[in-house]
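> Feature list, courtesy of TrEMBL:
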type	residues	note
REPEAT	62-104	repeat 'WD'
REPEAT	278-319	repeat 'WD'
REPEAT	321-362	repeat 'WD'
DOMAIN	354-440	domain 'Sof1-like protein'
Amino acid sequence: MKVKMLSRNPDNYVRETKLDLQRVPRNYDPTLHPFEVPREYIRALNATKLERVFAKPFLASLDGHRDGVNCLAKHPKSLATVLSGACDGEVRIWNLTKRKCIRTIQAHEGFVRGICTRFCGTSFFTVGDDKTVKQWKMDAPGNGEEEEPLHTILGKTVYTGIDHHWKDPAFATCGQQVDIWDEQRTNPICSMTWGFDSINSVKFNPIETFLLGSCASDRNIVLYDMRQATPLKKVILDMRTNTICWNPMEAFIFTAANEDYNLYTFDMRALDTPLMVHMDHVSAVLDVDYSPTGKEFVSASFDKSIRIFPVDRSRSREVYHTKRMQHVICVKWTSDSKYIMCGSDEMNIRLWKANASEKLGVLTSREKAAKDYNQKLKEKFQYHPHIKRIARHRHLPKSIYSQIQEQRIMKEARRRKEVNRRKHSKPGSVPIVSEKKKHIVAVVK
């Protein structure tokens, strides 16, 4: 005769102390939980709604400049240190944790056109309208000492941008041409030019550090190789490119901010077609900077807003704006990938969260678990119409909203005109050109 007995191990359900949580036995058999998906859908919906409720990205405004902020630079070793250059020639160094200016330098006469830090963080370089390149110590001078640059180089023309090599004591400036300088010399090691127009910005590749990219006023984006001291190839677009930024994780990918309201992500091995056209701004895009992860970038625009784009999407996932913020001239993503800084026309530097609804400070283990669970739920149900609509909705200023509607009408009219032209022409005489190839004029090698 068999006797069936229930046996229980007290370790599975008895608390060790009074402070412990009660252990509840759970049976994960799906037949016992018929409403699991509807219940999870409601949780995902609530998580999406709460994310929008708690989306408060603006953190702080750093004021002190007496003119528009023209350029920003990050400290390579210190997360809390940021440098900014203004249109009146003033350079300020900020401490982000204290949210205060810790040092002020009257660096140039006229605009500060560019600012960059040395890779070791001991000094930084500025260029201005007074045709000079100046190197400054990062540490403030001692008591009684005057604020003076370590080195000053007087050039023949105005320099419009500067960037430092990621590993070597060399830097590049741009103006009438791209010059490569050694820190110890007062004359450039080599000068490179292709075309006759002024060059707006120059950027070193962070991975293949001997590669440079520059963009000029004659609508070119030119790639150079420092080892050969020659231009490699250039791509000509419909309109002028204001600046470019290299992807810090993929050596051959870069994104260009253009005057035609779009951003273009290129693979330098195939410049005839951009990998992605990023469309959402309603005015010229003035600056762009990648996240350290290389998966997203932030763009600053003349339409008084900044937008965050995933690298592989044509539409932005986030838009930031305030009533007081005017034309945004420069933008930077901090090295810990958590914050975004932007400098604008009305003399302020603003600090934003990269993830609008992220909770700052230390999270308990339960908060972390809840956050991860909610994130997975949102990913699982992200294509449900109701959840998709709530997650995608953003409030926009009236000016931007009306311009988006206007551009939508214009785009539809252009499409209709093209369809009609194709309909009433000989078959094959009006080719179908993809959105990616529309804006590329030529690639020259």
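Glycine is no exception: its Cβ is also placed from the backbone N, Cα and C atoms.
Any TrEMBL annotation is an automated prediction that lacks curation.
Tell me about the surroundings of these features in the structure.
Across the repeat 'WD' (62-104), the prediction's mean pLDDT works out to 95.
Taking DSSP states H, G and I as helix and E and B as strand, the domain 'Sof1-like protein' (354-440) has 54 helix, 1 strand, 32 coil.
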> Mind checking which residues of the chain, 6+ beyond the ends of the repeat 'WD' (62-104), have their Cβ under 8 Å from one of its Cβ atoms?
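Residues packing against the repeat 'WD' (62-104) from afar: 110-121, 124, 126, 128-130, 136, 138, 140, 329-332, 334-336, 339, 341, 343-351.
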> Six or more residues beyond either end and a Cβ under 8 Å away: which residues meet both conditions relative to the repeat 'WD' (278-319)?
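Cβ under 8 Å, 6 or more out: 57, 242-250, 253, 255-265, 325-333, 335-337, 340, 342, 344, 352, 354, 356, 394, 396-397, 399-400, 403-404, 407.
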> Which residue counts does DSSP give the repeat 'WD' (278-319) for helix, strand and coil?
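Taking each residue of the repeat 'WD' (278-319) in turn, the totals are 0 helix, 21 strand, 21 coil.
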